[in-house]
């Protein structure tokens, strides 16, 4: 039987609750699909600051580098917001991405038919939406130098090199080849020099993928078009800052940020996480939606472990659970036949994934 080592980072807030449900689903499905998972827990975020004095202990980095993949919950909270930047939970995640040489973030947005009323947009606008945002993750303005403060002035620098743009472009075009073969590259080339280089480089790389249709869009127009006509998009390729914004905007097409997973890939180990935050205001209440984390576990099986059939089983179990009317509190107003706790939702999906609930 195949064996895989998974690094587990539960993090802060609802992180431990939702990661436990993802593990429950993975455990329910692994044996029947011929593989075994072993988990190793590590600290990151606010809990790491409290226990180890830093947001990312060296032990966590080393453990993640040894693992076949990393499954992560969420970090952060008001408790740590006043700390110096280098001690805030978010700095730990940025450092981990850099340590793992991760450079590409994949964020799918799929509108489930069963939850179409959850969106604030009309059914005619969002029905059938299936978008993948490919975001460059370790370059751009979040990491560019120089940055800092001088008296009453503060500054950051947006920097991209040709190799950085080339490698993220390849990720987007390869993803498009498995989808509808359309890439929309989003930049601000009418204002920013760095975006002009981005557009030139992406256009050149596109020639290596003649089957893929490439279009370009300015970030302000893209933000508007994502609401006006989201079905025009297949794969959206963009930089770190713009991708951070667009992926959160796209998430609301589905009606709940608690539904959507993400994968951060390209380096020594891949990191899988829900796109929502740590939601400390509902932590410990048993009402958090675990679907995004369970879907992230499915992406882990698919992209890092090659267990495609198991991933398909989880995805189908999520759809079946929603079709049967099971809902957590955040989506309870839309077709709910039964309101579930976090634990109950995880158990239902686990049962369907293992074919116990058929």
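Think of each number as a place in line: the chain as shown, counted from 1.
Cβ coordinates are placed from backbone N, Cα and C, and glycine is handled just like the others.
What Swiss-Prot records for 77-90, 277-289 is NAD(+) binding site, and it gives sequence analysis as the kind of evidence. Taken residue by residue with DSSP, residue 283 (NAD(+) binding site) is part of neither helix nor strand, so it is coil. On its own chain, residue 283 (NAD(+) binding site) has 12, 13, 14, 17 as residues at least 6 apart in sequence with a Cβ closer than 8 Å to its own Cβ.
Other C-beta atoms found within 10 angstroms of the C-beta of residue 97 (substrate binding site) number 19, with every protein chain shown included. For 97, 107, 135, 220, the entry in Swiss-Prot reads substrate binding site, with the evidence type sequence analysis.
Contacts of residue 142 (site 'Important for catalysis') defined by a Cβ separation under 8 A and a same-chain sequence distance of 6+ are given as 94, 156, 240, 241, in order along the sequence. Annotated site 'Important for catalysis' per Swiss-Prot: 142 (among others), in sequence order.
The Cβ of residue 188 (site 'Important for catalysis') lies under 8 Å from the Cβ of 195, 218, 219, 220, 242, each on the same chain and at least six residues away in sequence. In the three-state DSSP scheme, residue 188 (site 'Important for catalysis') falls into the coil class. The site 'Important for catalysis' annotation in Swiss-Prot covers 188 (among others) and is backed by sequence analysis.
Look at residue 248 (Mg(2+) binding site): DSSP puts it in a helix. Around residue 248 (Mg(2+) binding site), taking its Cβ as the centre, 15 other Cβ atoms fall within 10 Å, counting all chains. Residues annotated as Mg(2+) binding site in Swiss-Prot, with sequence analysis given as evidence: 220, 244, 248.
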Item checked: Env. residues of Mg(2+) site, Cβ within 8 Å of mean position of 220, 244, 248 Cβ -> 219, 223, 241, 242, 243, 245, 246, 247, 249
Note to self: Give me the CA-CA distance between residue 135 (substrate binding site) and residue 244 (Mg(2+) binding site), in Å, as a whole number.
What the structure shows: 7
Check: So how many other Cβ atoms are close to residue 279 (NAD(+) binding site), meaning within 10 Å of its Cβ?
Finding: 23
Margin query: Measuring Cα to Cα, how far is residue 97 (substrate binding site) from residue 89 (NAD(+) binding site) in Å?
Written below: 13
